[in-house]
Amino acid sequence: MIEIVSTEACIACDVCIKVCPTDVFERGDDGIPVIARQSDCQTCFMCEAYCPVDALYVSPISAPAGADSPHTDEDAVVRAGLFGGYRELVGWGRGRTSGALRDRNPLLKAVPPLSESRLPSPATVAGTPWNHPEQAVD
Ligand code: SF4
Ligand code: SF4
C-alpha cells in the first residue's frame with residue numbers, strides 16, 4: 001500500500017497522479033501529491049514504478065502499515081534504500097538492468113507457449129522463442 005511521498009525528492013511532475021488506477025492522490029497546492037485516499041490503494045506499485053525520481057514508497061503490505069511501522073518511517077525507508085525499490089527491481093530507470101533479463105524463473109523456462117491440448121504430442125518445449133534464453137546478467 002502506498003505509504004510515503006518524499007517531498008524532498010518529488011519534482012511535482014504529476015505522473016503518479018495520472019497513472020494511479022484508483023485515484024489515490026490529490027495534487028497539493030505546492031504540486032507535491034498528497035495521499036488522499038490511501039484505502040483505495042490496490043498495492044499495484046504503478047506509481048512507484050513510474051516516478052522518475054524514486055520519490056514514492058509502496059509497502060508490500062496490502063493494508064496501512066501503521067504509525068509505528070518502519071514502512072511509514074521515511075528515514076527508515078531511506079536507510080533501507082527502499083524508495084523506488086520496486087522500480088529498481090523491475091529495472092526501470094536509467095542505467096538499470098531490465099527485470100526481464102534477470103528473471104530466472106524455472107517455470108517460465110519450461111512452460112510451453114500453447115496449452116497442452118493445442119500442442120502436438122509429445123510436446124516439444126525446448127528452444128522456442130517463448131522460452132527464456134540463457135542471458136548474461138551484468
Ligand atoms: S500502488 Fe497503485 S493503487 Fe496504490 S497509490 Fe500507487 S498506483 Fe495507486
Ligand atoms: S511521480 Fe514522483 S516526482 Fe512525479 S509527482 Fe509523483 S512523486 Fe512527485
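Including glycine, each Cβ sits where the backbone N, Cα and C put it.
Listed features, source TrEMBL:
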type	residues	note
DOMAIN	1-30	domain '4Fe-4S ferredoxin-type'
DOMAIN	31-61	domain '4Fe-4S ferredoxin-type'
REGION	111-138	region 'Disordered'
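For the domain '4Fe-4S ferredoxin-type' (31-61), residue counts in helix, strand and coil come to 8 helix, 6 strand, 17 coil, using DSSP.
In the domain '4Fe-4S ferredoxin-type' (1-30), the DSSP tally of helix, strand and coil residues is 5 helix, 7 strand, 18 coil.
Within the model, the domain '4Fe-4S ferredoxin-type' (1-30) carries an average pLDDT of 97.
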